[in-house]
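**Q** Not my notes, these are from TrEMBL:
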{"type": "BINDING", "residues": "104, 106, 139, 168, 368", "note": "Mn(2+) binding site"}
{"type": "DOMAIN", "residues": "192-284", "note": "domain 'Peptidase M20 dimerisation'"}
(Lines of atoms letter the chains of each structure in order from A; the text may use other names.)
(Lines give C-alpha, C1' and ligand atoms only; values in the text may rest on other atoms or scores of the structure.)
Protein backbone atom coordinates (compact mmCIF):
# COMPACT_ATOMS: atom_id res chain seq x y z
CA UNK A 1 0.00 0.00 0.00
CA UNK A 2 1.11 3.56 -0.68
CA UNK A 3 1.41 6.26 1.95
CA UNK A 4 -1.89 7.75 0.81
CA UNK A 5 -3.57 4.34 0.95
CA UNK A 6 -2.34 3.92 4.52
CA UNK A 7 -3.56 7.36 5.56
CA UNK A 8 -6.91 6.74 3.89
CA UNK A 9 -7.31 3.40 5.69
CA UNK A 10 -6.56 5.05 9.03
CA UNK A 11 -8.81 8.05 8.45
CA UNK A 12 -11.70 5.71 7.71
CA UNK A 13 -11.57 4.82 11.43
CA UNK A 14 -10.51 8.23 12.77
CA UNK A 15 -13.78 9.14 14.51
CA UNK A 16 -13.88 5.71 16.17
CA UNK A 17 -10.43 6.13 17.66
CA UNK A 18 -10.92 9.73 18.72
CA UNK A 19 -13.94 8.51 20.69
CA UNK A 20 -11.86 5.65 22.09
CA UNK A 21 -9.04 7.98 23.11
CA UNK A 22 -11.49 10.25 24.92
CA UNK A 23 -13.09 7.29 26.65
CA UNK A 24 -9.68 6.22 27.95
CA UNK A 25 -9.04 9.83 28.97
CA UNK A 26 -12.22 9.82 31.05
CA UNK A 27 -11.15 6.68 32.89
CA UNK A 28 -7.46 7.13 33.76
CA UNK A 29 -5.71 4.51 35.88
CA UNK A 30 -2.54 4.75 37.95
CA UNK A 31 0.55 2.55 37.36
CA UNK A 32 -0.16 -1.18 37.71
CA UNK A 33 -3.88 -0.40 38.12
CA UNK A 34 -4.69 -0.25 34.38
CA UNK A 35 -7.43 -2.89 34.59
CA UNK A 36 -10.15 -1.18 32.57
CA UNK A 37 -7.66 0.03 29.98
CA UNK A 38 -6.09 -3.40 29.53
CA UNK A 39 -9.57 -4.96 29.28
CA UNK A 40 -10.39 -2.53 26.49
CA UNK A 41 -7.11 -3.15 24.67
CA UNK A 42 -7.28 -6.94 24.93
CA UNK A 43 -10.91 -7.14 23.77
CA UNK A 44 -10.24 -5.13 20.64
CA UNK A 45 -7.09 -7.01 19.73
CA UNK A 46 -8.95 -10.32 20.04
CA UNK A 47 -11.80 -8.98 17.89
CA UNK A 48 -9.28 -8.17 15.16
CA UNK A 49 -7.68 -11.61 15.19
CA UNK A 50 -4.59 -11.06 17.32
CA UNK A 51 -3.22 -13.68 19.68
CA UNK A 52 -3.48 -11.90 23.04
CA UNK A 53 -1.62 -12.49 26.29
CA UNK A 54 -2.43 -10.56 29.42
CA UNK A 55 -0.70 -10.22 32.76
CA UNK A 56 2.86 -9.52 31.63
CA UNK A 57 4.12 -6.96 34.10
CA UNK A 58 0.86 -7.25 36.01
CA UNK A 59 -1.52 -5.35 33.75
CA UNK A 60 0.39 -5.43 30.46
CA UNK A 61 -1.07 -6.73 27.20
CA UNK A 62 0.69 -8.17 24.15
CA UNK A 63 -1.07 -8.71 20.85
CA UNK A 64 0.67 -10.81 18.22
CA UNK A 65 -0.22 -11.06 14.53
CA UNK A 66 1.59 -13.32 12.07
CA UNK A 67 1.33 -13.05 8.31
CA UNK A 68 3.09 -14.85 5.47
CA UNK A 69 6.32 -16.78 5.82
CA UNK A 70 8.63 -13.91 6.80
CA UNK A 71 11.02 -14.53 9.68
CA UNK A 72 11.48 -10.95 10.90
CA UNK A 73 9.87 -9.90 14.19
CA UNK A 74 8.87 -6.37 15.15
CA UNK A 75 7.79 -4.81 18.44
CA UNK A 76 5.71 -1.63 18.74
CA UNK A 77 5.11 -0.34 22.25
CA UNK A 78 2.62 2.08 23.82
CA UNK A 79 2.24 3.05 27.48
CA UNK A 80 -1.16 3.02 29.22
CA UNK A 81 -0.90 4.55 32.70
CA UNK A 82 -1.99 7.93 34.07
CA UNK A 83 -0.77 10.29 36.79
CA UNK A 84 -1.96 11.31 40.29
CA UNK A 85 -3.06 14.79 39.14
CA UNK A 86 -6.43 16.52 39.47
CA UNK A 87 -7.51 17.55 35.96
CA UNK A 88 -8.48 21.20 35.38
CA UNK A 89 -9.12 21.21 31.60
CA UNK A 90 -12.91 21.51 31.87
CA UNK A 91 -13.27 19.25 28.83
CA UNK A 92 -16.48 17.29 28.27
CA UNK A 93 -14.39 14.12 28.42
CA UNK A 94 -12.32 15.17 31.44
CA UNK A 95 -11.28 12.54 33.98
CA UNK A 96 -14.03 10.99 36.04
CA UNK A 97 -11.52 9.54 38.50
CA UNK A 98 -10.82 11.96 41.33
CA UNK A 99 -7.15 12.90 41.53
CA UNK A 100 -6.11 10.81 38.51
CA UNK A 101 -5.48 12.19 35.03
CA UNK A 102 -4.01 11.30 31.65
CA UNK A 103 -1.61 14.23 31.87
CA UNK A 104 1.10 12.69 29.69
CA UNK A 105 -0.86 11.52 26.65
CA UNK A 106 -0.70 7.80 27.24
CA UNK A 107 -4.37 7.67 26.29
CA UNK A 108 -3.34 8.96 22.87
CA UNK A 109 -0.39 6.58 22.58
CA UNK A 110 -2.69 3.63 23.32
CA UNK A 111 -5.31 4.80 20.82
CA UNK A 112 -2.73 5.38 18.07
CA UNK A 113 -1.33 1.88 18.39
CA UNK A 114 -4.81 0.34 18.53
CA UNK A 115 -5.81 2.20 15.36
CA UNK A 116 -2.70 0.87 13.62
CA UNK A 117 -3.51 -2.61 14.94
CA UNK A 118 -6.93 -2.53 13.31
CA UNK A 119 -5.62 -1.33 9.94
CA UNK A 120 -2.81 -3.91 9.90
CA UNK A 121 -5.26 -6.69 10.76
CA UNK A 122 -7.66 -5.59 8.02
CA UNK A 123 -5.03 -5.18 5.32
CA UNK A 124 -2.64 -7.96 6.39
CA UNK A 125 -0.13 -6.98 3.72
CA UNK A 126 3.08 -7.85 5.54
CA UNK A 127 5.17 -10.97 6.05
CA UNK A 128 6.54 -11.70 9.50
CA UNK A 129 5.51 -11.35 13.14
CA UNK A 130 4.09 -8.18 14.63
CA UNK A 131 4.13 -7.80 18.43
CA UNK A 132 2.10 -4.94 19.88
CA UNK A 133 3.15 -4.18 23.46
CA UNK A 134 0.77 -2.23 25.68
CA UNK A 135 2.83 -1.45 28.75
CA UNK A 136 1.72 -0.47 32.26
CA UNK A 137 3.44 1.82 34.72
CA UNK A 138 5.78 3.95 32.63
CA UNK A 139 5.26 6.66 35.24
CA UNK A 140 6.28 4.42 38.15
CA UNK A 141 9.65 6.13 38.43
CA UNK A 142 11.78 3.29 39.79
CA UNK A 143 13.67 0.38 38.26
CA UNK A 144 10.70 -1.83 39.17
CA UNK A 145 8.66 -0.09 36.47
CA UNK A 146 6.33 -1.52 33.84
CA UNK A 147 8.97 -2.09 31.17
CA UNK A 148 11.20 -4.04 33.54
CA UNK A 149 8.35 -6.11 34.97
CA UNK A 150 7.17 -7.06 31.48
CA UNK A 151 10.68 -8.16 30.53
CA UNK A 152 11.09 -10.04 33.81
CA UNK A 153 7.87 -11.87 32.96
CA UNK A 154 9.46 -13.06 29.72
CA UNK A 155 8.34 -10.44 27.20
CA UNK A 156 11.20 -10.90 24.75
CA UNK A 157 11.48 -14.65 25.39
CA UNK A 158 7.84 -15.21 24.48
CA UNK A 159 7.67 -12.48 21.85
CA UNK A 160 11.09 -12.06 20.23
CA UNK A 161 11.64 -8.70 18.56
CA UNK A 162 14.42 -8.00 16.06
CA UNK A 163 13.74 -4.32 16.72
CA UNK A 164 11.40 -2.30 18.89
CA UNK A 165 9.91 1.17 18.51
CA UNK A 166 7.87 3.59 20.62
CA UNK A 167 6.43 7.10 20.22
CA UNK A 168 5.60 9.92 22.65
CA UNK A 169 3.80 13.20 22.10
CA UNK A 170 5.80 16.39 22.64
CA UNK A 171 4.09 19.68 23.51
CA UNK A 172 5.72 22.81 22.14
CA UNK A 173 6.62 21.26 18.78
CA UNK A 174 4.34 21.84 15.77
CA UNK A 175 1.48 19.37 15.61
CA UNK A 176 2.31 16.27 13.60
CA UNK A 177 6.02 16.96 13.23
CA UNK A 178 8.11 13.83 13.83
CA UNK A 179 11.22 14.23 15.96
CA UNK A 180 14.18 11.84 15.96
CA UNK A 181 17.59 11.51 17.52
CA UNK A 182 20.24 8.84 17.04
CA UNK A 183 22.13 8.02 20.23
CA UNK A 184 21.22 9.40 23.67
CA UNK A 185 17.66 10.75 23.46
CA UNK A 186 16.71 10.97 27.16
CA UNK A 187 18.60 10.97 30.43
CA UNK A 188 18.97 8.43 33.17
CA UNK A 189 17.27 9.42 36.41
CA UNK A 190 18.51 8.55 39.89
CA UNK A 191 17.31 9.60 43.34
CA UNK A 192 19.64 10.15 46.28
CA UNK A 193 18.57 10.37 49.93
CA UNK A 194 21.16 11.75 52.36
CA UNK A 195 20.97 12.10 56.14
CA UNK A 196 23.66 13.95 58.07
CA UNK A 197 23.64 12.93 61.73
CA UNK A 198 25.33 15.14 64.29
CA UNK A 199 24.26 15.93 67.84
CA UNK A 200 22.10 18.85 68.74
CA UNK A 201 22.42 21.58 71.28
CA UNK A 202 21.51 25.10 72.28
CA UNK A 203 22.02 27.75 69.62
CA UNK A 204 23.92 29.84 72.17
CA UNK A 205 26.68 27.24 72.56
CA UNK A 206 27.29 25.80 69.07
CA UNK A 207 30.77 24.60 70.06
CA UNK A 208 29.10 21.93 72.20
CA UNK A 209 27.15 20.47 69.26
CA UNK A 210 27.97 18.82 65.94
CA UNK A 211 25.91 21.00 63.62
CA UNK A 212 24.33 19.12 60.67
CA UNK A 213 22.83 22.34 59.25
CA UNK A 214 26.21 23.91 58.53
CA UNK A 215 27.41 20.57 57.15
CA UNK A 216 24.36 20.37 54.89
CA UNK A 217 24.86 23.93 53.64
CA UNK A 218 28.46 23.18 52.75
CA UNK A 219 27.43 19.91 51.12
CA UNK A 220 24.90 21.65 48.87
CA UNK A 221 27.63 23.94 47.56
CA UNK A 222 30.16 21.13 47.20
CA UNK A 223 27.71 19.07 45.16
CA UNK A 224 27.57 21.86 42.58
CA UNK A 225 31.15 21.00 41.62
CA UNK A 226 30.27 17.44 40.62
CA UNK A 227 29.09 18.51 37.16
CA UNK A 228 31.19 21.65 36.74
CA UNK A 229 34.52 20.06 37.71
CA UNK A 230 34.13 16.31 37.12
CA UNK A 231 32.04 15.94 33.97
CA UNK A 232 33.38 16.65 30.48
CA UNK A 233 31.94 20.04 29.44
CA UNK A 234 30.77 18.44 26.19
CA UNK A 235 28.64 15.97 28.15
CA UNK A 236 25.31 16.74 29.81
CA UNK A 237 24.50 16.00 33.45
CA UNK A 238 22.29 17.40 36.20
CA UNK A 239 22.65 17.27 39.98
CA UNK A 240 19.73 19.02 41.68
CA UNK A 241 19.24 19.32 45.43
CA UNK A 242 15.46 19.41 45.68
CA UNK A 243 15.01 18.86 49.42
CA UNK A 244 16.90 20.25 52.41
CA UNK A 245 15.17 19.82 55.76
CA UNK A 246 16.46 20.33 59.28
CA UNK A 247 15.40 21.82 62.57
CA UNK A 248 12.24 23.54 63.83
CA UNK A 249 13.42 26.29 66.16
CA UNK A 250 15.79 29.22 65.66
CA UNK A 251 17.70 28.66 68.88
CA UNK A 252 18.12 24.89 68.66
CA UNK A 253 20.82 23.09 66.72
CA UNK A 254 19.11 19.92 65.44
CA UNK A 255 20.44 16.41 65.54
CA UNK A 256 20.18 15.76 61.79
CA UNK A 257 19.64 17.22 58.34
CA UNK A 258 18.04 15.50 55.37
CA UNK A 259 18.74 16.12 51.68
CA UNK A 260 17.24 14.63 48.51
CA UNK A 261 18.83 14.83 45.09
CA UNK A 262 17.80 14.26 41.49
CA UNK A 263 20.71 13.06 39.35
CA UNK A 264 20.55 12.78 35.56
CA UNK A 265 22.97 11.89 32.76
CA UNK A 266 22.85 11.04 29.06
CA UNK A 267 25.85 8.70 29.16
CA UNK A 268 26.08 5.52 31.29
CA UNK A 269 29.73 6.21 32.17
CA UNK A 270 28.90 9.73 33.28
CA UNK A 271 26.07 8.30 35.36
CA UNK A 272 28.51 6.03 37.20
CA UNK A 273 30.95 8.92 37.66
CA UNK A 274 28.21 11.03 39.22
CA UNK A 275 27.37 8.29 41.70
CA UNK A 276 31.03 7.85 42.63
CA UNK A 277 31.73 11.55 43.14
CA UNK A 278 28.49 12.29 45.01
CA UNK A 279 29.17 9.42 47.41
CA UNK A 280 32.77 10.57 47.97
CA UNK A 281 31.80 14.20 48.52
CA UNK A 282 28.99 13.35 50.96
CA UNK A 283 31.29 11.33 53.20
CA UNK A 284 34.16 13.83 52.92
CA UNK A 285 31.94 16.76 53.85
CA UNK A 286 30.51 14.85 56.78
CA UNK A 287 33.99 14.12 58.08
CA UNK A 288 34.98 17.78 57.76
CA UNK A 289 32.14 18.84 60.06
CA UNK A 290 32.31 15.96 62.52
CA UNK A 291 28.97 14.43 61.57
CA UNK A 292 28.04 11.06 60.13
CA UNK A 293 26.55 10.54 56.67
CA UNK A 294 23.95 8.01 55.62
CA UNK A 295 23.38 7.81 51.87
CA UNK A 296 20.73 5.86 49.98
CA UNK A 297 21.52 6.02 46.25
CA UNK A 298 18.65 4.64 44.17
CA UNK A 299 19.21 4.05 40.49
CA UNK A 300 16.07 4.71 38.47
CA UNK A 301 15.57 4.77 34.72
CA UNK A 302 18.51 4.21 32.41
CA UNK A 303 19.52 6.66 29.70
CA UNK A 304 17.45 6.10 26.56
CA UNK A 305 19.81 5.43 23.66
CA UNK A 306 18.48 4.95 20.12
CA UNK A 307 20.43 2.62 17.84
CA UNK A 308 21.72 4.00 14.54
CA UNK A 309 20.20 1.64 11.96
CA UNK A 310 16.76 1.62 13.55
CA UNK A 311 16.75 5.41 13.93
CA UNK A 312 17.74 5.81 10.27
CA UNK A 313 14.88 3.50 9.31
CA UNK A 314 12.36 5.25 11.57
CA UNK A 315 13.41 8.65 10.22
CA UNK A 316 13.00 7.41 6.65
CA UNK A 317 9.44 6.27 7.41
CA UNK A 318 8.68 9.65 8.95
CA UNK A 319 9.97 11.51 5.91
CA UNK A 320 7.93 9.29 3.62
CA UNK A 321 4.78 9.94 5.65
CA UNK A 322 4.88 13.66 6.48
CA UNK A 323 7.66 15.05 4.27
CA UNK A 324 11.17 16.22 5.12
CA UNK A 325 9.94 19.68 6.12
CA UNK A 326 7.98 18.15 9.01
CA UNK A 327 10.78 15.88 10.24
CA UNK A 328 13.39 16.91 12.81
CA UNK A 329 16.22 14.50 11.93
CA UNK A 330 18.56 14.98 14.92
CA UNK A 331 16.89 16.85 17.77
CA UNK A 332 18.67 17.90 20.96
CA UNK A 333 18.44 15.32 23.76
CA UNK A 334 16.03 15.69 26.67
CA UNK A 335 16.88 15.48 30.36
CA UNK A 336 13.57 13.83 31.16
CA UNK A 337 13.45 10.05 31.56
CA UNK A 338 11.50 7.14 30.09
CA UNK A 339 11.43 3.43 30.99
CA UNK A 340 11.45 2.36 27.33
CA UNK A 341 15.19 2.83 27.87
CA UNK A 342 15.29 -0.59 29.56
CA UNK A 343 13.78 -2.26 26.48
CA UNK A 344 16.37 -0.51 24.30
CA UNK A 345 19.11 -1.99 26.48
CA UNK A 346 17.87 -5.44 25.39
CA UNK A 347 16.84 -4.80 21.77
CA UNK A 348 17.86 -2.30 19.08
CA UNK A 349 15.25 0.30 18.33
CA UNK A 350 14.11 3.89 18.27
CA UNK A 351 12.01 6.15 20.48
CA UNK A 352 10.57 9.09 18.56
CA UNK A 353 8.45 12.11 19.38
CA UNK A 354 5.40 13.58 17.66
CA UNK A 355 4.70 17.29 18.06
CA UNK A 356 1.57 17.86 20.13
CA UNK A 357 1.23 21.47 18.97
CA UNK A 358 2.77 24.87 19.63
CA UNK A 359 -0.35 27.06 19.61
CA UNK A 360 -1.86 29.00 22.48
CA UNK A 361 -5.11 27.05 22.60
CA UNK A 362 -4.11 23.47 21.89
CA UNK A 363 -1.07 21.31 22.23
CA UNK A 364 1.50 23.57 23.84
CA UNK A 365 0.60 22.84 27.48
CA UNK A 366 3.40 20.72 28.87
CA UNK A 367 2.82 17.17 30.05
CA UNK A 368 2.34 16.49 33.78
CA UNK A 369 0.23 19.66 33.94
CA UNK A 370 -3.43 19.62 35.07
CA UNK A 371 -4.39 21.60 31.95
CA UNK A 372 -2.78 19.24 29.43
CA UNK A 373 -4.59 17.27 26.71
CA UNK A 374 -3.40 15.01 23.92
CA UNK A 375 -3.96 16.49 20.45
CA UNK A 376 -6.45 14.27 18.60
CA UNK A 377 -5.15 15.57 15.26
CA UNK A 378 -2.16 13.29 15.87
CA UNK A 379 -4.17 10.07 16.05
CA UNK A 380 -4.30 9.53 12.29
CA UNK A 381 -0.67 10.52 11.76
CA UNK A 382 0.60 8.34 14.59
CA UNK A 383 -1.47 5.33 13.55
CA UNK A 384 -0.46 5.71 9.89
CA UNK A 385 3.18 5.96 10.97
CA UNK A 386 2.97 2.67 12.87
CA UNK A 387 1.13 0.93 10.04
CA UNK A 388 3.62 2.15 7.45
CA UNK A 389 6.63 1.26 9.59
CA UNK A 390 5.30 -2.24 10.24
CA UNK A 391 4.66 -2.86 6.55
CA UNK A 392 8.12 -1.64 5.54
CA UNK A 393 9.92 -3.55 8.29
CA UNK A 394 7.99 -6.77 7.67
CA UNK A 395 8.03 -6.50 3.87
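Quick reminder: no glycine exception, Cβ is built from N, Cα and C everywhere.
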**Q** Including all protein chains shown, what's the count of other C-beta atoms within 10 A of the C-beta of residue 168 (Mn(2+) binding site)?
**A** 24
**Q** Taking each of the binding-site residues 106, 368 in turn and counting other Cβ atoms within 10 Å of its Cβ, which one has the fewest?
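**A** The binding-site residues 106, 368 were compared, and 368 has the fewest Cβ atoms within 10 Å.
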**Q** Give me the mean pLDDT over the domain 'Peptidase M20 dimerisation' (192-284), rounded to a whole number.
**A** 98
**Q** Counting every protein chain present, what is the number of Cβ atoms, excluding its own, within 10 Å of the Cβ of residue 104 (Mn(2+) binding site)?
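**A** The answer is 23 other Cβ atoms.
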**Q** Near the Mn(2+) site, what residues other than 104, 106, 139, 168, 368 in the same chain have a C-beta no further than 8 Å from the centroid of the listed C-beta atoms?
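**A** Leaving out the recorded residues gives 79, 81, 83, 102, 103, 105, 138, 367.
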**Q** For residue 139 (Mn(2+) binding site), list the number of other Cβ atoms lying within 10 Å of its Cβ atom.
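**A** Result for residue 139 (Mn(2+) binding site): 20 other Cβ atoms within 10 Å.
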**Q** Taking DSSP three-state, what's residue 168 (Mn(2+) binding site) in: helix, strand or coil?
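**A** Residue 168 (Mn(2+) binding site) sits in a strand per DSSP.
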